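**Q** This is the structure, below, for whatever I ask next.
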Amino acid sequence: MNGLIAFAVHRWQVTLVVFGLITALGAQAFLSIPRSVDPTFKAPFVLILANMPGADPADIEQTVTKPIEEVVAGLDAIDELESHSRDGQAVIAAHFLWSADPDRVFDETVREVNAIRGTLPTSVQRLEYRRIRTTEAVVAQYAIVSDTASWRRMEKVGKDLKEAFQRQPGVRLAVVWGVPKPEMRVSVDLGRLAELGIPVTQVTDALRVGGTDTPPGAVRSGEQRLNLKAGGAFRSVDEVKAVPLRAVSGRVVRVGDVAEVAWATAERTHSTSFNGKRAIWVTATQKDNVNVLEVERALTATADAYAKTLPPDMKLKLAFDQSQDVKRKLALLARDFGLALALVLLTLLPLGPRASLVVMVSVPLSLAIGVFVMNVLGYTLNQLVITGFIVALGILVDDSIVVVENISRHLRMGYSRTAAALAGTQQIAVAVVGCTAVIVFAFLPLTALPGGAGKFIRGLPIAVMATVIASLFISLTIIPFLASRLLPRDTDPHGNRFLQIVDGGIQRFYAPILHWGLEHPRTTFLAATALCVAALGLVPVLGSSLFPPADSPYFQVEIETSEGSDTVATARAVAFVDRTLAAEPLVENRMANVGRGNPQIFYNKGETSQQSNIGVVAATLKSWDPVETPALVTRLRERFASYPEARIQLNPYQNGSPIDAPIQWFLTGPDLDVLRELSIKAEAIVRAVPGTQDVRNPLAYERLDLNLGLDADKAALFGVAPAAARRVTRLALAGETAGRFRDAEGDSYDVVVRLPQPDFTGVSPGERIGALQDVSALERVFVPTAGGDAVPLPAIATPRLEGGPASIDRHGQQRSVGLTAHVQDGYLTSRVNEEVGAKLKAMDLPPGYGFVQGGEAAEQEESFGGLGGVILFAMFSIFAVLVLEFGRFRETIVVAGVVPLGMFGGLIALLLTGNSISFTAVIGFVALIGIEIKNSILLVDFTTQLRQQGVELREAIERAGEVRFLPVLLTSVTAVLALLPLALSGSGLYSPLAWVIIGGLISSTLLSRIVTPVMYLLLVRHAPPPPRMETAPPPLPEA
């Protein structure tokens, strides 16, 4: 090590080349590293969606959900299974262990489920598999707005823009949302068909024969291959009308004689509006490991150019832009970084201007290496990585401060600049390496934290470690070289004015207190111990939490009407929410969705699947403010609570792993009726717990369905096959695709046979979207008989209302109901959840039924459970470094004894700032261990060096305390000031981390300057002095 230091000083040309290389690599990495708001990573989760139109939840569960669950449960690394069986759809969520490879488990899931595809019902139309990754959130959401344009025109415009987006580099997928599917509709007159004795199925069969868009094949002529064409898709409305059905009384009856043929749109199951105006969405997501800012620039240029080509009745508006949030957060963190840098510079005044300049050189060089390493490892420049750099800022200058201060002290002793650079750096090198090793081992275990929380924060400790290791290299090479060239040749033995003031304060205040503590060592030690033990009593008072709400300038409002409601009722509730948001000056854009969720705009919150009683309004704000934004959320919640016809829930986005709600308990058991009865009782218990709000029980309300009530005996008397009756009913109400229509531009559409549209007299245009046939339409349905006649449906069927679950949920391959609740402001989630859990577990449940905890508590258990091993690994690793450095356990215990002093200050800081012990706060405590031990090493190492030189124990302790007080004070104040902007930012994510380190360093710095010498005296005074260190004589001062 001494050779490396000497080489850097004497071979300064090589050092300059290294200096330039680091600068160039750092600049190139900073320009090329991708930017994002949050960390980007794939999750080992797979969503399986199966569509089976017409099937009820019970059929879906038994024939689709359970078989898929059984095969997925047999896969390696499976951790948890959840499923939801609804009308016509099954959703199975497979959660694998976080240690599993996301790509491998996805491929295995697809392979195994596809292997049983043949055993599933033939009516299963589609199996869809979805990966879960943070880049699923859209980077931009555009609205194509028009009050008058037809849906076909808007769809074409949307498709053209989507294709333009898809061609841009960095875009993974572009999608058009909210367009009702255009179709060529054949609205049959069932009464007219009955008069003519033509079954409605004959209309569909005739159209299917005439409008099939399937090539009949190819033939060979000599050596020439010829594709055979035989008509195909319909080309005009008249062509559809002219399709013959049969001859009646010598006249050919055609489709146009018994039906109206015209352009129409399918039932609009997802309707959308932008700022209250009719619209459709076009969204784009980014590829992994690309710069979101570059993608945004490409999308903006494409959209601006395309907007100029739109007709006058259409407008293209930017509804959501993820890059704006990225720029805002990166700008705020850059501001905090700049403030921290300025504050750090102020702390270096006692060293003098030249020494301060030398120290500050380590900042850009260390950060340059840190950014280069993060870029090579594939990380993005996100808020967690930048937070890591800011945390490192308060640490990385410590090595340089200690080295430069020691070099300056040697200069004041009369050494030449070169001799001082060599002697001062070599004297402190071992301690500096030990300090850096302690920091690295404090942060290293954080990279192995389990679960989604560990994946989310992994970039932070890696950024800290990369930067701190870089600072060690810089402090032992470039810093002594610069000091040997830039520090003044003639130095006042007493230092500059600032240093004299600090030294005077040390002699006037610190020295007498230290002297008193050493005179009363046991009293001092017991008093410090009492403080630390008392601080532990704050742990239950503070409570625990996982991740705070995200400080993002957007949120979404979820609307849920009663089960079975159609989109008309849902649209009224969504319109109420939209009007309420429009009245708020802070709200900028409103993206309203009826029948489905908004496209995903936050990394851990996917869009809600299609349901007629679901609506979502996503809102973007003009800015985010730590005071105004929470006040807006509270105000809106109060207004939404007054709406009687729907459950309206506003919850800001949460950082960390996705959870349905902070409080969630699964009630499991085999029988749905018993589950429903028990869940209603459990719901009442949860509602009665103070602090709960937005309590939801999926089984609280049954869904009403209309059973066709087909009488098989009556149907047989009329010669009607039951299957024929069901087909005709479905054809009349939902429609049946009977062919394809191709327009002049080559676009293809379905030809659908069904009953005419309902009568919209007196119905507002907004409510027409998604309107279904009235129940009276069943009376107009005629069913063909075997003899060629037709009978009205009421003659063979008596419809009746039936109740049933809207969804059958399963958790861990058992039927379950997930009770969820949110927490009111002013209440701690952990305490409310403890009370909820205690009361639910006290319920008298039948055998086979029980509660399983979910929500934030389950995530906490997984994340905090991993922290125990992390803290143990960090402590023992640091302990090993200390033993290696000092060679004895006594000095090691003295150094480690500083840890409780920092914990005391960290807990006090959380209490004073109103924070709980969150996941990031715990990370702050782990980091604090390394930082405060680093400071303690400087004191104990110098004390040991003095004793090795023959200085008496008491004198060595006091002299080391006074000499090392300045570098320890500077390093602590530097770290505190560097983190202060983060702490004051109000961010729920990294403010707790900053406050823990600030509070811990303040208490540790103030108390350990007394307690550590006292512990050294108590533990070492009866031990023989350590062996005298044999070293080469230091360079002589110049004459």
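A Cβ is built for glycine as well, from the same backbone N, Cα and C atoms used for every other residue.
For reference, TrEMBL lists these features for the protein:
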TRANSMEM  330-349  transmembrane segment
TRANSMEM  356-378  transmembrane segment
TRANSMEM  384-407  transmembrane segment
TRANSMEM  428-448  transmembrane segment
TRANSMEM  460-483  transmembrane segment
TRANSMEM  525-547  transmembrane segment
TRANSMEM  864-886  transmembrane segment
TRANSMEM  893-913  transmembrane segment
TRANSMEM  919-942  transmembrane segment
TRANSMEM  963-983  transmembrane segment
TRANSMEM  995-1019  transmembrane segment
**Q** As a test: from 356-378, 428-448, 460-483, 525-547, 995-1019, pick the stretch that has the greatest number of Cβ pairs under 8 Å with the transmembrane segment (864-886).
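**A** Selected stretch: 428-448, with the most Cβ pairs under 8 Å.
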**Q** Per the definition of 3+ C-beta pairs under 8 A with sequence separation of 6 or more, do the transmembrane segment (525-547) and the transmembrane segment (995-1019) touch?
**A** yes
**Q** Take the C-beta pairs under 8 A between the transmembrane segment (356-378) and each of 384-407, 428-448, 460-483, 995-1019. Which stretch has the highest count?
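**A** Most contacts with the transmembrane segment (356-378): 460-483.
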**Q** Any chance you could find the range in 428-448, 460-483, 995-1019 with the most Cβ pairs under 8 Å to the transmembrane segment (384-407)?
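**A** Comparing 428-448, 460-483, 995-1019: 460-483 has the most Cβ pairs near the transmembrane segment (384-407).
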